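Structure, as structure tokens:
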Amino acid sequence: MSVLNTFLVIVALILCYVNDFPVTGHEVQLPPGTKFFCQECQMTAVIHVLKHRGCKPKAIPSFACIGKCTSYVQVSGSKIWQMERTCNCCQESGEREATVVLFCPDAQNEEKRFRKVSTKAPLQCMCRPCGSIEESSIIPQEVAGYSEEGPLYNHFRKSL
């Protein structure tokens, strides 16, 4: 069993709404005043399309973790010269594995006409930390060159 050279296409609904109408897709441009929200992180039924070169694609029902989680940056309550950061992502909590057989009509020998591939799906979904952020990897806007472009440019006092 192998997932080598196997491609996985996920067909899923993105659980977001614009003015109470469901929308799908990854990118939405919104006019000012538009109400936009996405559902919390949850396990969602999807269709996985398993593909392997020389084999017929096979659509299988599965699950994916889809939804929003809270992330923020704010001034520290105890040390106002520091920022507190938290980044949470909708991720799996445990996984299940399944073996699927793909039909490969162009295979040279009879043995390889049916290829076993492994696929995985989440058992549960939850908001979990995305990963740690090293303080040294965060570049202040002034260093990155964005400070004069932002809406807060004149809000903060410049230090000499």
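Positions of Cβ are set from backbone N, Cα and C atoms, glycine also.
Cβ environment of Cys90 (disulfide bond): Cys41, Gln42, Cys65, Ile66, Gly67, Lys68, Cys69, Cys125, Met126, Cys127 lie under 8 Å away, each six or more residues apart in the same chain. Taken from Swiss-Prot, the feature disulfide bond covers Cys41-Cys90 (among others), and the record attributes it to similarity to another entry.
DSSP assigns Cys55 (disulfide bond) to coil, not to a helix or a strand. Annotated disulfide bond per Swiss-Prot: Cys55-Cys104 (among others), in sequence order, evidence recorded as similarity to another entry.
According to DSSP, Cys125 (disulfide bond) is assigned to a strand segment. The disulfide bond annotation in Swiss-Prot covers Cys65-Cys125 (among others), and the record cites similarity to another entry as its basis.
The feature disulfide bond is assigned by Swiss-Prot to Cys69-Cys127 (among others), with similarity to another entry given as support.
Within 10 Å of the C-beta of Cys87 (disulfide bond) we count 14 further C-beta atoms, all protein chains included. The annotation disulfide bond is assigned in Swiss-Prot to Cys87-Cys130 (among others) on the grounds of similarity to another entry.
Averaged over the domain 'CTCK' (38-131), the predicted model reaches a pLDDT of 86. What Swiss-Prot lists as domain 'CTCK' is 38-131.
Annotation comment: Swiss-Prot describes 1-20 as signal peptide, evidence class sequence analysis.
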Practice prompt. Name, in the order they occur in the sequence, the residues of the same chain whose CB lies under 8 A from the CB of Cys55 (disulfide bond) and which sit 6 or more residues away.
Written response: Leu102, Phe103, Cys104, Arg115
Worksheet item: For Cys65 (disulfide bond), what is the secondary structure by DSSP, using just helix, strand and coil?
Response: strand
Discussion item. For Cys130 (disulfide bond), which of the three DSSP-derived states applies: helix, strand, or coil?
Written reply: coil
Response to the item:
Cβ contacts within 10 Å for Cys65 (disulfide bond), all chains included, total 22
